[in-house]
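Peer 1: Supplied in structure tokens, the structure appears directly below.
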Amino acid sequence: MLLAIEQGNTNTMFAIHDGNEWIAQWRAATESTRTADEYVVWLSQLLSMQGLGFRAIDACIISSVVPQSIFNLRNLSRRYFNVEPLVIGENAKLGVDVRIDKPSEAGADRLVNAVGAHMVYPGPLIVIDSGTATTFDIVAADGAFEGGIIAPGINLSMQALHEAAAKLPRIAIQRPANGRIVGTDTVSAMQSGVFWGYIALIEGLVARIKAERAQPMTVVATGGVASLFEGATDSIDHFDSDLTIRGLLEIHRRNTHLETQ
């Protein structure tokens, strides 16, 4: 079975694929100092709940945007599963043509998303990933990664609003309950500013990208808060929560195929 680890700045996802389907997915808060021993204490309990032991894992792939965590995740795979992991950006061959000025700067998560999106949707594509940062990435019709846009994430914006303005409370991010744009109290005004502000960001950047490239493009959204925008904009064609793990599975398949040639 394959253990796929996808680590963002906020959360780390662990997923198990049995060769046919994903049978388990778990999330933990990303902590860059968490050791392999700490990971395995947590993970062993979850594996046990699925009726699985360490020996069931015979492959591992890691994608992380937190460089200081990769050492411990690699040790987790080596020490406890006796598996040399594929690591995006190190020893994993992605099969993606990276057409940007500095290919080494392309984030692992963005390249994995490009692979996952190209497998399912007709290109060219705009892939929006709503996480700690909100990224808009361009995937050509042939699957190449052609750059994109990086903006602050919605949670980061809300946090900055609270921390920088003494009288503004910390609130949950949600669509304003009354459905209106203009808030009538502080909380609804903040919710409207962040929620509809991000809708405007999405709609504006998607329109500008399409105009600059002068071609029809399919827009796919993924990430932790992407579902929040469902039904609020016509600029997104597909919401796909499995985009990243689909990309990881395909990259693992490509590398396994290369090893057997």
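Using N, Cα and C of the backbone, Cβ positions are placed for all residues, glycine too.
Since the structure is predicted, the reported quantities are computational estimates derived from the model, not experimental observations.
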Peer 1: Of the candidates THR132, THR134, THR135, which one does Swiss-Prot list alongside GLU6, GLN7, GLY8, ASN9, THR10, ASN11, THR12, MET13 as binding ATP?
Peer 2: THR132
Peer 1: Would you pick out, from the binding-site residues GLY8, GLY107, the residue whose Cβ has the largest number of other Cβ atoms within 10 Å?
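Peer 2: That would be GLY8, with the highest Cβ count within 10 Å.
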Peer 1: Give the distance between the Cα atoms of ASP129 (K(+) binding site) and GLY8 (ATP binding site), rounded to the nearest whole Å.
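Peer 2: So the Cα of GLY8 (ATP binding site) lies 11 Å away from that of ASP129 (K(+) binding site).
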Peer 1: Which residues in the same chain, at least 6 apart in sequence, have a Cβ under 8 Å from the Cβ of ASP109 (active site, proton acceptor)?
Peer 2: GLU6, GLY8, SER63, VAL65, ASP129, GLY131, THR244
Peer 1: Express the distance between the Cα positions of THR186 (substrate binding site) and THR132 (ATP binding site) as a whole number of Å.
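Peer 2: Their Cα atoms are separated by 24 Å.
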Peer 1: Quick one: give me the count of other CB atoms within 10 A of the CB of ALA108 (substrate binding site).
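Peer 2: Counting Cβ neighbours of ALA108 (substrate binding site) within 10 Å gives 23.
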Peer 1: If you count other Cβ atoms within 10 Å of each one's Cβ, which of the binding-site residues GLU6, ASP129 has the most?
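Peer 2: That would be ASP129, with the highest Cβ count within 10 Å.
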